[in-house]
Amino acid sequence: MMSPDTIRNIVGIIGNVLTFGLFLSPVPTFWKIFKRKDVENFSPIPYLATLLNCALWVFYGSPSVHPNSLLIVTINGFGLVVEALYIFMFFFYGKGKLRKKILLILAAEIAFMAVVALIVLKVGHTVETRSKIVGSLCVVFGTFMYASPLSIMKLVITTKSVKYMPFYLSLAGCLNGIDWTIYGFIHFDLFVVLPNGIGSLLGLAQLILYGCYYKSTPKDDDEPKGEMELPTTQPAR
């Protein structure tokens, strides 16, 4: 019989794979944006929220905050780069008002990270204290990351269309949340359980909405299949 540590490691490995999948799941959406040279009604908010979440986890995994956390840094460092590329596409193909909004949010995120780093490194005199401070912020902003599609869910209900709620992003978010919630319960870790538990519920709600409104969604011949057809989606700690 496998020990709890072995099971936890297996769940963690699966979680890493799902996390990479979560980061890459919007690719069909951005392929559509690239082909049409227009972001249409797709929202940059989930990607901006994920960018900040990744930045916090990279900081959390740094040697000065939570030593021996290379896996955290590599996974979220990858996510940081990918989300930055997605946001660049929003900026490149978006209109003036959207571009201004993106720049303002990015400036606020950069300023926030600078203030957090300064306060944590000055006030937190031990890695335990720094880990608790940054870990708590990761819980808060991890929850924001999972909750960021709520505006899109409202749009789905209003328009009775899932056109602007990518299926694979919702699926990856749901599976990712479930996996890391299980991981956090094996050796109870509130920093893992809380945001990912909320994320799994929100992801499930998105999938239910997708099932409810998929048939009422207008079909376009050039829609990416990964986004418009139902098949016959947190950082590791």
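Just so it is clear, glycine is given a Cβ too, placed from its N, Cα and C backbone atoms.
Listed features, source TrEMBL:
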- 6-24: transmembrane segment (TRANSMEM)
- 45-63: transmembrane segment (TRANSMEM)
- 69-93: transmembrane segment (TRANSMEM)
- 102-121: transmembrane segment (TRANSMEM)
- 133-153: transmembrane segment (TRANSMEM)
- 165-186: transmembrane segment (TRANSMEM)
- 192-213: transmembrane segment (TRANSMEM)
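Sequence-distant contacts of the transmembrane segment (192-213), counting only residues of its own chain at least 6 positions beyond either end whose CB sits under 8 Å from a CB of the stretch, comprise 138-139, 142-143, 145-147, 149-150, 153, 156-157, 160-162, 165, 167, 170-171, 173-181, 183-185, 230, 233-234, 237. Within the chain, the transmembrane segment (6-24) has long-range Cβ neighbours (under 8 A, six or more residues past its boundaries) at 50, 71, 75, 78-79, 82-83, 169, 172-173, 175-176, 179-180, 182-183, 186-187, 233-236.
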